[in-house]
Amino acid sequence: MAATADREKALATALQQIEKQHGKGSIMRLGEQETVKIAAIPTGSVALDVALGVGGLPRGRIVEIYGPESSGKTTVALHAIANAQAEGGICAFIDAEHALDPEYARKLGVDTDSLLVSQPDNGEQALEIADTLVRSGALELIVVDSVAALTPKAEIEGEMGDSHVGLQARLMSQALRKMTGALNAAGTTAIFINQLREKIGVMFGSPETTTGGRALKFYSSVRLDVRRVETLKDGSEMVGNRTRVKVAKNKVAPPFKQAEFDILYGQGISREGSLIDMGVDCGIITKSGSWFSYNNEQLGQGKENVRKFLRGNPDVANEIEDKILTHLGLREAEVPEGVDPRTGEVEF
């Protein structure tokens with residue numbers, strides 16, 4: 001018993017010293033604190049928010065978005081920027097590909113006047129800028145587009161045909177080691193957009209891999225695999241793509257869930273389309289033949305007409321979204337006045 005008391009006393013002294021040197025909360029017993037609900041940035045698609053399990057992209061974490069060309073990777077990232085800005089956050093876009101279209105970003109709801117944009121000359125410069133911005137503690141979200149375009153300085157200054165094996169992988173590994181703790185401390189989300197490559201000589205399993213080595217796979221809390229599954233048509237005119245996103249890795253909720261949504265050309269993710277799909281799945285919107293109804297009132301015939309109705313009636317769209325998220329446990333239901341929130345019984 002005396003030995004146990006001595007150990008407890010020594011531990012208490014050590015904990016006090018740690019908190020004195022590194023600040024309160026730098027070490028704690030796991031049972032002392034209640035589980036904190038993970039804050040998230042909405043993606044623009046309620047279906048994807050639900051698949052992520054926390055209502056969007058987790059704050060203070062690294063997210064990798066990868067997939068084939070023109071699958072919707074940058075569109076998802078720009079919608080996240082627009083939603084973060086709508087909540088008053090400051091966002092940055094590291095445009096390593098030098099391909100950002102400000103006009104398209106504006107159509108998606110991005111405030112381009114306040115968006116911080118950098119078009120770096122090489123990979124080292126891009127990641128140093130990103131690291132400095134993160135350590136300022138002022139950012140809500142930073143996007144790096146793309147990992148494949150983070151070319152090391154030595155490769156840019158070298159000759160064509162020179163071998164630079166593993167340079168980019170080492171660069172990414174070092175940068176992510178430095179940034180991970182700073183992102184968590186600042187509550188900043190970092191989105192790395194990545195491209196696909198083919199592994200040569202693979203006989204079994206998928207030959208696809210992402211660029212930049214293995215570090216990003218390890219450090220990412222969420223990895224999203226974005227694929228275009230079909231082309232949307234209005235008559236004979238192509239108006240957009242049906243996109244499927246698989247949550248390939250998720251450290252904050254169960255992984256491997258999938259979400260499908262529409263990306264319309266010039267408009268981005270169709271929020272209304274996701275609300276219709278999820279509303280029908282949850283039983284909040286009723287579908288009878290080609291007619292859709294909500295609260296016993298017809299919304300319209302055909303998905304396109306309902307989409308137009310919800311776009312013109314944002315209050316109805318917001319109400320449906322609230323009900324979907326509440327139904328799926330991602331948003332707490334409003335408790336009427338005079339009702340006990342724990343039991344649901346009326347208080348007298």
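Note that Cβ sites are derived from N, Cα and C of the backbone, with glycine treated the same way.
Sequence-distant contacts of G72 (ATP binding site), defined by Cβ-Cβ distance under 8 angstroms and a gap of at least six in the same chain, are V226, R228, N241, T243, I263, I269. In this structure, G72 (ATP binding site) belongs to neither helix nor strand by DSSP; it is coil. Look at Swiss-Prot and you will find G67, P68, E69, S70, S71, G72, K73, T74 tagged as ATP binding site, backed by sequence analysis.
Cβ neighbour count for K73 (ATP binding site) (all protein chains, 10 Å cutoff from its Cβ): 25. Cβ neighbour count for G67 (ATP binding site): 24 (other Cβ atoms within 10 Å of its Cβ, all protein chains included). Contacts of S70 (ATP binding site) defined by a Cβ separation under 8 A and a same-chain sequence distance of 6+ are given as R228, in order along the sequence.
Here the Cβ of T74 (ATP binding site) has 25 other Cβ atoms within 10 Å, regardless of which shown protein chain they belong to.
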